[in-house]
Structures are given as structure tokens and as C-alpha cells.
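S.K.: Just dropping this structure here.
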Amino acid sequence: MLQEFHSSPQGGHSGFLRTYKRIAANVYWPGMKGMIQEFVKSCVTCQQHKYLASSPGGLLQPLPILETEVVNRCLETYLRCFAADQPKTWVTWIPWAEYWLNTTFPSATQQTPFEVVYGRKPPTMVRWGIGDTRVEAVQRELQDRDEAMRQLREQLLKAQNRMKAQADTHRIDRSFEVGEWVFVKIRAHRQ
């Protein structure tokens, strides 16, 4: 369970508080806080790819920390955790990174972005395999969900291909040789 809520794409290798909030929203067991803290602290992926959280030198200066920089750093860390072994696959992790960011507990607002927008807690997506559930209705529900997701992915790919084909009807594929002279149209308002 700790793997699912911390090390999976859904968990995003979040720190202790965010991992704890995700788990506590679903289950409880005695000593879970300490167990989660120890698990997060000993996560090898986090140790390899996250920034060191050491105290900065000098006194605090009244400089604003731009929210965008913080979010970008969080997303960069997330992507590094999952795409470090295969850097060219980082783009496939963007939907998971978006889900992670929108369902991650921020200490400043005390509500996930999902909760702010939809007014309810985000659904938890836990991996399952056929035969993992004992209730037939739940098994059917999970199979239906997976089938719906498969069909949705298929339809999105078809739509993407149609849009590309439509856009390509108005374009000409051009190639240039090294050293070949070409004209470049520069628009003053776009510089």
C-alpha cells in the first residue's frame, strides 16, 4: 500500500505529509504515521532525484518566491523520479504528473486543486488484477472502467490522427540541404 500511495505515478514520490494525507484519506492503522515517515525517508528514488532540503545560509530576505518556479521544480522532480532511467519517455509521464499535481495536498491551502475545483476529494485509483477482488460487482465495475479507459484512449488517438491529417492538407513538407539559401519571413510584431 505504501508503494501504491508513494512510489506509483499517482503518488509521485511525494514527501511525507502528502503521502500521509493520501493514505489517511482511505485507511488507518496504528503507527501508520511513523511507518509512512520511515518509508518516505528510506525511498531510494527520492534520495537520488530530489533536491536537498538543507537550511539556506544567511538571514531570510523579503524576496517573493514565484509559485510558478515552485510548481515547475515539483514537476521536474516528479518527471525525474519516473523517467531517470529512460529520459526520452518523460513526455509519457505528463498526464500522470498533471493528475499527481491536481490531487496533491498543499499545506498552504489545505485542499488539493481537485477539491477546490470539484468540491470533493479526488477518487483513488489503485491498481488491481483480475481475481484481486472478492465481490463480483466490484470486479465487473473495475473491468468496465478499464474497458472505458481503453476505448477512450483509442478514440483520442483516432481524433488526434484526424486532426493531424486535416492540418496536413494545408501544409507542404519541405526539406533543406545544409548550406542551401532560404528566405525567412520575419514579422516585426512576433519578435
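Quick reminder: no glycine exception, Cβ is built from N, Cα and C everywhere.
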S.K.: Which range, 30-64, 135-169, does TrEMBL list as coiled coil?
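M.R.: In TrEMBL, the coiled coil feature sits at 135-169.
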S.K.: For the domain 'Integrase zinc-binding' (2-50), what does DSSP give as the number of helix, strand and coil residues?
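M.R.: Computed counts for the domain 'Integrase zinc-binding' (2-50) are 31 helix, 0 strand, 18 coil.
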